[in-house]
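Okay, so here's the structure we're looking at.
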């Protein structure tokens, strides 16, 4: 065991080096692409409605029917959930690096293909768009467990939380990038192809060239991922996977010596390696795993599930809020491309003011105050703000009170990102054993996506007015926005309680958290007689 502990200790205690930042950029660009691809669809759904579902003589522009809208927006979530489970498992079976390249290629190909949907028939366009967005989501799903695991296994223990959070924070830039690119494209098309507002000329307000706008916005999502493909392929397998799972300490040491440019040196002893093998081989569905990590897995899955219910329900209220405060005028007063620009501008402002700063607060503070504290603060503040929005909801809907509503609403999402949205991603990559790390992260992330579906679609129906005649076309009566906000407040409160199942991993080595060093030490005692050397990992 001396050999592989030596390389892992070197990783844990090494100073922050250039390769740490290249790893953040390589993994982070994957996350930039994920966020761009997942969130850019909300910028173009209104445009798709105008192009493919125009109704002659209608006073309002065409819009996607509820079932089509749910499919277009939600199919990528379904793919992501499947991808998180599949690639999470595969990352532990085949190694992080091999699978990492696959997910990237899948994302690039499907991103391009989703903009090339065939024919001009609305049904065919939507069917092909949904098909490719499902597989795009499948690739994105793989990126979650792999990016987190690779970053946690490369990092030193002092700054590991910040590095994993920095990869996740690239999501904020992806949302921002999508919004800015949509603004530029729509402005360019708007300048080149002038069109009247819908109320002036219903047919003329959607120029034929508008069909290119949504396709270009969706396809550009493949560029950032393609740019980092070469570097992704050049990254060596992580030392922890090579040493602890593939059992090749020599290779792990050679890889890390090359990357860190230091001489670690190892005297690999065969009996020690077989010792690790015999002591640490319990699987996911074993009593030993349940005893050691069962509550941890319940903690990471439940908190991520509950957080995403609240986090993804935001889409419901965004459009209403933007319209209420005048950021987005009534649809009929704009032409099709102008509407894309206005929606993109509003989303970019929200991302700039609340989404991005929250992520970076986490990056700077996670290794100072710890994951647990940030998650508790985040869920507590989200609960407080949700109730503050819900209880006097009628008051906020009156003219003149919108600005305070927007500030409270923005603070809710600031504390989601400086809180559970970041920590639920970081912690599963730190607390499970190396050979199950990617799988457990994938399971936790998949539960999050399940929550996202509940948040995005359950609340779409739930938030409808209680009076059926006032509900949106095609929807049944719901419980109203106010009651929906109260439900979300309770969801956040539950998240706070489940946080207490998750251990604090600040400043501890991955082997200490997963207790892999304990087993290897005990087994090593039977094979060789130096258990006292192996029982402790130098801190």
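Positions of Cβ are set from backbone N, Cα and C atoms, glycine also.
What TrEMBL says about a protein is an automatic prediction, not a curated fact.
Checked against TrEMBL, the range among 372-391, 512-531 recorded as transmembrane segment is 372-391.
Within the set 99-118, 119-138, the record from TrEMBL flags 99-118 under the feature transmembrane segment. Of all ranges given (212-231, 232-251), TrEMBL attaches the label transmembrane segment to 212-231. In this chain, the transmembrane segment (68-87) touches the transmembrane segment (442-463); three or more CB pairs sit within less than 8 A of each other, excluding pairs fewer than 6 residues apart. Within the same chain, residues 161-162, 165-166, 168-169, 171-173, 175-176, 179, 318, 327, 374, 410-411, 413-419, 421-423, 426, 506 sit at least 6 positions outside the transmembrane segment (349-366) and bring their C-beta atoms closer than 8 Å to a C-beta of that stretch. Within its own chain, the transmembrane segment (212-231) is flanked in space by residues 22, 25-26, 29-30, 32-33, 36-37, 40-41, 43-44, 47-48, 51, 101, 104-105, 107-109, 111-112, 114-117, 177-178, 181-182, 185-186, 189, 337, 340, which lie at least six positions past its ends and keep a Cβ under 8 Å from the stretch. The stretch in 21-48, 68-87, 162-189, 372-391, 403-422 that contributes the largest number of Cβ pairs under 8 Å to the transmembrane segment (99-118) is 21-48.
The transmembrane segment (484-503) is not in contact with the transmembrane segment (162-189), judged by fewer than 3 CB-CB distances under 8 Å for residue pairs 6 or more apart in sequence. Sequence-distant contacts of the transmembrane segment (403-422) (same chain, at least 6 residues past either end, Cβ-Cβ under 8 Å): 165, 168-169, 172, 303-304, 307, 310-311, 314, 317, 321, 324-325, 350, 353-355, 357-359, 361-363, 365-366, 374-375, 377-379, 381-382, 385-386, 388-389, 396, 495, 499.
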